[in-house]
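Enquirer: Before I ask anything, let me first share the structure, which is written out below as structure tokens.
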Amino acid sequence: MQFSKMHGLGNDFMVIDGVTQNVYLTEDVIRKLADRHRGVGFDQLLLVEPPYDPELDFHYRIFNADGSEVAQCGNGARCFARFVTLKGLTNKQDIHVSTAKGKMVLTLKDEEKVRVNMGEPIWEPAQVPFTANKFEKNYILRTDLQTVLCGVVSMGNPHCVLQVEDINLAPVNELGPLLENHERFPERANIGFMQVVNRNHIKLRVFERGAGETQACGSGACGAVAVGIMQGVLDNNVQVDLPGGSLQIEWEGVGHPLYMTGDATHIYDGFIKL
């Protein structure tokens, strides 16, 4: 099976063409491929499939390193767009794809940058999903470690975002797994730790569902900015600094789609026997 290794700000992916190859992946196979010592190694595996809808260009599937399938990955979406272009699967500048939970438009800006229409943030608790009687800008979550105030949103996948004073001191690996698996998130959640530098600039670390802390999380950056705007601490155009680099996030507010712009880097092509 042919594949490419790619990354978006250090969030790394194994990308597989399922259009010209017959690909069958089980959770066990994905976990073996994800092993950084005995396999390829990656945060997520991205699978390009033919479109389910004839009006779209491709179907986009995402698998975490633990083998679980998820509905969204923003950094992966940028790499997906770069991959299908590099492999000659399309020559379009605007690439229309479906995911497990909706549709996206991926726009190639230049040799490195890709702009992604991530759709509208979803706030209704039942659709996140998150257990709550109604939408609130802030929720209180209790864990064995501490009680936190957080915002909750879905960008096609669930995000819990809490503000911290100093991003370097944030208890990402201690509090992250407790919140990821909190009983109020029936499908678990991605946990964002956000330091607000000013109204147009944040620093962010993300403990990703099924992957742990990564160098960057595109949908996490989108979720953090959306929460910050809803809470009134951020403006509509925000630079997000992650351990692996920076993203630019734009959102005009409720009723509008959110846009993410950032790099997508091809590392190498490979072949592996399954």
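Keep in mind that glycine also has a Cβ here, set from the backbone N, Cα and C atoms.
Quick paste from Swiss-Prot:
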type     : residues                                                                          : note
ACT_SITE : Cys73                                                                             : active site, proton donor
ACT_SITE : Cys217                                                                            : active site, proton acceptor
BINDING  : Asn11, Gln44, Asn64, Gly74, Asn75, Asn157, Asn190, Glu208, Arg209, Gly218, Ser219 : substrate binding site
SITE     : Tyr268                                                                            : site 'Important for dimerization'
Enquirer: Show, in sequence order, which residues other than Asn11, Gln44, Asn64, Gly74, Asn75, Asn157, Asn190, Glu208, Arg209, Gly218, Ser219 on the same chain lie with their Cβ within 8 Å of the centre of the Cβ atoms of the substrate site.
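Expert: Here the non-site neighbours turn out to be Asp43, Ile62, Val70, Gln72, Cys73, Gly76, Val206, Ala211, Thr214, Cys217, Gly220.
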Enquirer: Nearest to Asn11 (substrate binding site) in three-dimensional space, by Cα, is which of the recorded positions Cys73, Cys217, Tyr268?
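Expert: So, spelling it out, the nearest of the recorded positions is Cys217.
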Enquirer: How far apart, in Å, are the two Cα atoms that lie farthest from each other among Asn11, Gln44, Asn64, Gly74, Asn75, Asn157, Asn190, Glu208, Arg209, Gly218, Ser219, the residues recorded as binding substrate?
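Expert: Spelled out: the longest distance between any two Cα atoms in Asn11, Gln44, Asn64, Gly74, Asn75, Asn157, Asn190, Glu208, Arg209, Gly218, Ser219 is 17 Å.
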Enquirer: Could you tally the C-beta atoms, other than its own, that fall within 10 angstroms of the C-beta of Asn190 (substrate binding site)?
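Expert: Within a 10 Å radius of the Cβ of Asn190 (substrate binding site) lie 28 other Cβ atoms.
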Enquirer: In the structure shown, which of the binding-site residues Asn11, Asn64, Asn75, Ser219 has the fewest Cβ neighbours within 10 Å?
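Expert: If we count Cβ atoms within 10 Å for the binding-site residues Asn11, Asn64, Asn75, Ser219, the smallest count is at Asn64.
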Enquirer: I need the least crowded one of these recorded positions (Cys73, Arg209, Tyr268), counting other C-beta atoms within 10 angstroms of each C-beta.
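Expert: Each of the recorded positions Cys73, Arg209, Tyr268 was scored by Cβ atoms within 10 Å; lowest is Tyr268.
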Enquirer: Tell me the Cβ contacts of Cys217 (active site, proton acceptor) under 8 Å, same chain only and six or more apart in sequence, or just say none.
Expert: Asn11, Gly74, Asn75, Asn190, Gly192, Leu204, Val206, Glu208, Leu242
Enquirer: Round to a whole number and give the Cα-to-Cα distance in Å for the pair Tyr268 (site 'Important for dimerization') and Arg209 (substrate binding site).
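Expert: With the alpha carbons as reference points, the distance is 26 Å.
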Enquirer: In whole Å, note down how far the CA of Cys73 (active site, proton donor) lies from the CA of Ser219 (substrate binding site).
Expert: 6
